[in-house]
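Student: Below is a structure I'd like to ask you about.
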């Protein structure tokens with residue numbers, strides 16, 4: 001019996017070898033078996049690369065044009081429209097886009113426990129905090145341009161990386177690597193270098209008011225971002241569009257309060273959309289789509305996409321500002337933006353490795 005079993009096994013091996021090998025000695029069965037997988041993998045890889053490319057280009061264009069559109073919307077150095085109504089319009093548009101995305105989800109997957117809009121008080125009560133932080137930060141975004149130009153704003157906006165990193169360490173207890181701490185120092189050096197003004201008695205182009213507003217904006221953005229991430233991770237199965245919807249609803253409510261406090265008489269006498277131009281509408285659309293683009297980066301791409309987009313956006317903003325606003329592209333700005341780009345890259349790749 002043992003002899004017969006061995007012979008049968010030898011016969012099976014011979015047949016298998018004959019089926020597998022061609023006269024040229026090449027493995028046909030293996031090729032035939034793996035070809036569909038390779039093709040599918042190649043198709044999936046191309047599709048993923050295409051998505052990343054589209055998202056990267058979209059995020060870069062939206063980021064670089066954001067500051068330009070805000071500056072461009074001013075007339076004779078001031079805003080003819082109410083910035084509080086513009087901020088409210090951004091939140092309303094983002095809320096509408098989230099609802100449209102949810103409608104598509106309901107049509108394809110049906111209404112489930114994780115994608116329904118109805119919620120509990122405990123779940124929705126956490127959204128007012130990031131909503132009010134984002135409102136204040138977004139309003140400051142308009143007023144900071146009294147002290148800085150568009151390229152300087154793009155540089156200083158990277159300070160939120162430092163605030164986010166420190167708050168991650170304090171609130172979420174996430175460790176930072178030595179490379180990331182070094183990246184923070186480089187980022188500060190790059191921001192300072194880009195603001196050097198050799199042709200004036202003032203050492204820095206941006207006055208102290210601009211720096212203070214940039215630091216406050218960075219702290220608000222960092223704290224709001226960390227707090228929002230903590231909310232999302234508290235219930236990871238919850239549809240992101242539902243979470244965004246409730247965040248934007250509270251954003252609309254707080255901006256409505258800001259309108260009543262700051263611009264109530266102007267809105268009642270002149271109208272909600274008084275002073276709006278085509279550039280203003282483009283700016284509102286840009287702000288709304290930027291939030292959507294960041295969500296797409298989280299879904300289809302990775303953190304390195306944001307790094308490249310931020311770096312390229314700084315240079316694009318500077319180049320476009322040369323032609324639109326007569327910005328002087330100095331050597332100090334070029335060197336500073338280069339250092340900032342390197343620091344952003346180091347912060348991205350320098351994440352602590354997980355212990356196995």
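Backbone N, Cα and C define each Cβ position, glycine as well.
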Student: Which stretch, out of 54-73, 74-93, 94-113, is listed as transmembrane segment by TrEMBL?
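Tutor: Based on what TrEMBL states, transmembrane segment spans 54-73.
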Student: Which sequence-distant residues neighbour the transmembrane segment (208-232)? Criterion: at least 6 residues beyond either end, Cβ under 8 Å.
Tutor: 126-127, 129-130, 133-134, 136-137, 140-141, 143-144, 146-148, 152-153, 156-157, 159-160, 162-168, 171-172, 238, 240, 243, 247
Student: Out of 54-73, 151-172, 179-196, 244-264, which stretch has the largest tally of CB pairs under 8 angstroms to the transmembrane segment (276-298)?
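Tutor: Answer, by Cβ pair count: 54-73.
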Student: State the non-local partners of the transmembrane segment (151-172) in its own chain: residues 6+ outside its ends, Cβ under 8 Å from one of its Cβ atoms.
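Tutor: Sequence-distant neighbours of the transmembrane segment (151-172): 63-64, 67, 144-145, 180, 183-184, 187-188, 190-191, 194-195, 205-206, 210-211, 214-215, 217-219, 221-223, 225-227, 229-230, 310, 313-314, 317-318, 321, 327, 333, 336-337, 340, 343-344, 347.
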Student: Six or more residues beyond either end and a Cβ under 8 Å away: which residues meet both conditions relative to the transmembrane segment (244-264)?
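Tutor: 82, 84-85, 87-88, 91-92, 94-95, 98-99, 102, 117, 119, 124, 127-128, 130-132, 134-135, 139, 228, 291, 295.
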